[in-house]
Amino acid sequence: MSVIRSCLESVRSQVQQCANGRNINLVAVSKFHPVEQLMEAYEAGQRHFGENYMQEFLAKADLMPKDVQWHFIGNMQSQKCKKIASVKNLYAIETIDNEKKARLVNQAREAIQTPLRVYVQINTSGEPNKAGVMPSEALELCKIVQSLEYLRLQGLMTIGSISHSHLQDQNPDFQLLSDLRLKLQKELNSALELSMGMSSDFPLAIKYGSDSVRVGSSIFGSRPEEKPESVVSSN
């Protein structure tokens, strides 16, 4: 058994143990890892993969099997929205944090006549360097997303503070997003999923109600510090 397959099975087991019967989506975050490693996870049954950078995402989407369900989970610049959203087997964009991006993604999906799931990204930690809309502005943005014909509001996403991710029993970012979901579901009269939790804290995120966890290093190992020149291994 390959190391990646073994690690993937270990993460799946942990997810199942924490889920208490709930269906949790595991997104394998493959940033900076070559296609060969993604294929090891794919051959072990993994279909949901997450990417952070447009060029890397587009290159991998072109090379990987077409039944892969891609999640774009990186900070998305407005001028790149169209290219990212035009990938037909894109499952979701998880980083919608303003009206302009929402409308650009909607236009791109209208062009291919296919609706797209999106998550509104929330800045739960209040850190100025973090992307995401502030919690107090989330309702307005969610309503805008709901009004757009080719977008489907899937839920809320957060990347919490690094310091909170190392806490063992409680996490203010997860608590805030969980509470915000309850409030917004009433206001919007619509069910919302939560995308929160990464390698260091996904078990706790699931306990707080996360429906989707984004796990990278626990599956693929430590990623290179610098972006590789190619998405294909040079070995």
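The backbone N, Cα and C atoms fix where each Cβ goes, and this holds for glycine too.
Values in this document were obtained by computation on a predicted structure and should not be read as measured data.
TrEMBL lists 14-224 with the feature domain 'Alanine racemase N-terminal'. Taken from TrEMBL, the feature N6-(pyridoxal phosphate)lysine covers Lys31.
In this model, the domain 'Alanine racemase N-terminal' (14-224) carries an average pLDDT of 96. In this view, Lys31 (N6-(pyridoxal phosphate)lysine) is surrounded by 20 other Cβ atoms within 10 Å of its Cβ, with every protein chain counted.
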